[in-house]
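Written below as structure tokens is the structure these notes are about.
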């Protein structure tokens, strides 16, 4: 990611500030300079806030970023533009705030834009805070904490990671590399193992419960097996067949006893049943004999009923004749009454028919007028049905005339406009070839002019650079002379005995211990004199002078290096500039020609646009002409249609108005309808009346004939009755009626006789059957048989219950054995499958030779990668003296993340706190850069085209500072834009580009400047 623009509104000390990072050349190192509190770090806060809504350091609350001098009604906002993966994006984030005078919070906003190459505009991608934050995180592939480590190294953050303990490093590395997922994996596996162990223990518990509930059938051997523990699964499996065998033997034994007693019980039940049947048959035989004696006592009365029944049967034919004559006589009387009623009905119908005929004659007198009206209706019916069409024709034909006049007028006006436009177009004599010729001339002139302008600017720039180059060369010459003077001065200083500085006390001690004539312990010669011949004050003075001259010399060498770098840079720029004085002499003339040609082109373009406008208007009016002609044809066609309809209407209806015709048609139609309705009703009434007369006349004749036939039948029945009475011996109709009254009781008499004979026969047959059944058979004592049955049944039930209990116990044992075997099989399979998981869980939770958890192992891997990257720079910065290494230690928890330093001079490891301030800075910077590179690799390979460092360089000496700067310069040359915040003056001299932050105590401003 490479920033291109940052706009801060009401943000910290910036009320409205625009920082254009495109002023920085690619791969450029620049310095951010300003007084303390001017807002340098706020630039980093602005970038981080735009991307993540947070400050650049954890200790700073984003709510404190709003400017104290901001307008109470204006929000704090940041607009940040940047490039990533050859794409441009813009993020606009506005913080929520309470407007002045309001009590409610105005919510924040977030808009994310992407630059579209085709339209050359930023297009909105997200406009909600939650979705926008997700879009940014997906785009960058990192979170805020990782961004701080990758792009921004804030104040105090360098040393924090270096000197922190394992626990603190674990927290930082966990966030950067999301290693919490390994702890979650470890906990997930641990919980899975715990759950699995619980399930295994639960299964052993269920096996124990099932085993303890197994039935032993009071068998001593089985009772002994019950003492087995659920963990002894192999012994349990061996014992199960013994339980099954004992249960099977008991079940077979009780089944045999149950079968024997069941046969005995069935036999006694059959015997009791047969004895009960015999006793009941003897009793039934006695009862039937008594019933037969009682029944035969009614024999005489039955004989009398039989004699009476014979007489009743003989009178039956007479009864039928008698009833037939009575029926005919009743029918005869009814027919006479009906005949009189028919005669009255016929008289009424004839009167009604005459009345209808007179009404018909009156109605027929209107027939001629009705026919005329009916013909008119038939002839004009289609006009009445389509009356709206003809009414519309009468109304529209007048409007049509108006439209035709208007259309003719518009056609004439449009024709005049078309003629005028054609004349105007003909007056404009210009074509595209003229435009193309002038455009080509303008193009050539523009290229020539641009080239001459560039040459003119190059000349000015060359003159400026030449002046600056001469000044720089003079400074180089002067500085070299100063360096030569300093070197000469350094050579002239007396360096004899310079190494004896600070050795005065040591020499005096030696002098006090020796005497003249002694042998020298150093050279071995005889001591001739112990006088003091070394001038220690002069040696110290020379030592200080050498140091002072060396400092001045180093400073001048640095100045010379910077001046030579600047001189080379200016020289390269001068050599790249193209200069030609001959080419720029006529630039004003070319510029004037270009203006003239542009004006000519504009004039021609205006004429072409005017002609195109006239042509467009002409085409429009031609379209209008065509539409007016089409409309005229349609109006004429409609007029012809309307005239045809009107003439047809007048011809057939004899009316000039539709309303009068409609009124007349309705009146005629109503008259005809009423006539037809009345005529149909009368005709219907006449026909119905005639039909009724015919029906009643036919009924009259039928009834007369029926009366004659009934008189003959009644006379014939009377003769037959007299003959039958004479045969039977009856003298009067009274005797006949007495016998006939008894005829009603015939069925009752027959039923009494039949019932008697049926009962007598039934009793006789039953007595014979029972006599045969009980012959030679003697009943036994019921009480004795029942007692025997009770005893047998009691024994049988006892064995049935015992057998059922045994079967139930055997089946329950079988079910429990199946469950136990299922649990055992599951346990064997599960233990075999889970053994590796159990072992893996213990290894991941730290129960291993290294005593490291999975997450700690992963973090150590990342830390060693970071240290490896850091050592590449630290060895160079420390002159191959120092190298970071991870402290090796074995303990539980997050151990092994401490860092110590290996000193190649002493060939020993040292605690990190033993480093000096400058050395600590070197190690911190190297570690921070190494951390940044590893995080970059792990974050999906996001391209780091920029880095900002907010850290003091004041603790470094001259040589260390140079080494640190070389490291940062190499970062720049590797493709990164590197920005540094520092107050060290040497950096201002070494870094030519400065982003200066100035403050007037109320607000701050920024600007880029070159040294």
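From the backbone N, Cα and C atoms, a Cβ is placed for every residue, glycine too.
Remember, predicted model here, so these are calculated numbers, not experimental data.
Taken residue by residue with DSSP, residue 39 (ATP binding site) is part of neither helix nor strand, so it is coil. According to Swiss-Prot, the feature ATP binding site maps to 34, 35, 36, 37, 38, 39, 40, 41.
Summarising the annotation, Swiss-Prot assigns coiled coil to 181-210.
Summarised as a single figure, the pLDDT of the coiled coil (181-210) averages 78.
Looking only at the binding-site residues 35, 40, the densest Cβ neighbourhood within 10 Å occurs at 40. Among the listed binding-site residues, namely 34, 37, 39, the Cβ with the most fellow Cβ atoms inside 10 Å is that of 39. Taking the mean position of the Cβ atoms of 34, 35, 36, 37, 38, 39, 40, 41 as the ATP site, the remaining same-chain residues with a Cβ inside 8 Å of that point are 13, 42, 997, 999, 1004. Minimal Cβ crowding within 10 Å, among the binding-site residues 36, 38, 41, is found at 36.
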